[in-house]
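**Student:** Relevant sequence annotations retrieved from TrEMBL are reproduced here:
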type	residues	note
ACT_SITE	168	active site, acyl-thioester intermediate
DOMAIN	9-232	domain 'Chalcone/stilbene synthase N-terminal'
DOMAIN	243-391	domain 'Chalcone/stilbene synthase C-terminal'
């Protein structure tokens, strides 16, 4: 028995990577169609034939200003909406139409982002061993994972995993899963692809709508982000961008009512409390202190402003409250603020846009860039995802 266990342990040891997982390539993509936030209230009430709801439109204009965005990208155009009138009214009969649109568009948008990540990684797509796809826009199988694998020409034995309806924290969750896969499978190269299309949640405004029910229409946009993850980068083309040191997920008890997402007859729907930004910031420090233990080595003390921050920018309001709660310098959340301003909240894909923007800024700063940092995501539950990152030098 002892010799058998020793053999199993030795096999297990050889299966694992020697070093930590690392981000080896990042890519992002958006549809070509976009709408400026300043023009969105007029656009939204026009395409939904609700211009007669003048008081509600004034309320929506205030909400759009509060969001602080400049523009958002959308796969759905006015022409597409006109050809599927059921999408405007959220009728159950339109659900199949929504999912059919996503079935074609999601793999294509994800492939655009993935192709950029693979190009930056520097190795052929056929070297990908695992595929993790995250989306809140789809609820069917086979889905975007199979379509993406086909478009990229991935191997038939690539191991596919799909995360659906995990909300905004899904991007961080997918990267956490990729870290585990890379570190527990020697030589593995994991492609993470997060793709979001708001066509599954788009609906017309209704008399009696409140700020809470209108938030999704004022905040969310379409986009895709992709990351190649692997450990033990020995190939000459590979250059780690961020080492993935440790990851954790924390559920805040009694917070289920603050944020939810579900698929119903009218498409993807959810509840977002207007008090969520304040609540998220109030509970973040406790979560970070738990995750921060990975950096507390040999008694070294770290301060929040000693780190770089890749925070999922659910909204400017969340970022403002985090700034205040942690006492961060203005530049610390600059990458997150830039992404949410230019694209809106793209759910799972957003944090990948932040990582790309953060790496671009680091390459410009050179030796002055922070070495250690934290990635943070928020999702239904209320759930907080964290990952300690170590930035490599260019």
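Positions of Cβ are set from backbone N, Cα and C atoms, glycine also.
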**Student:** Looking only at the domain 'Chalcone/stilbene synthase C-terminal' (243-391), what are its DSSP counts of helix, strand and coil residues?
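**Tutor:** Secondary-structure composition of the domain 'Chalcone/stilbene synthase C-terminal' (243-391): 73 helix, 43 strand, 33 coil.
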**Student:** Around residue 168 (active site, acyl-thioester intermediate), how many other CB atoms lie within 10 A of its CB?
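**Tutor:** The Cβ of residue 168 (active site, acyl-thioester intermediate) has 29 Cβ neighbours within 10 Å.
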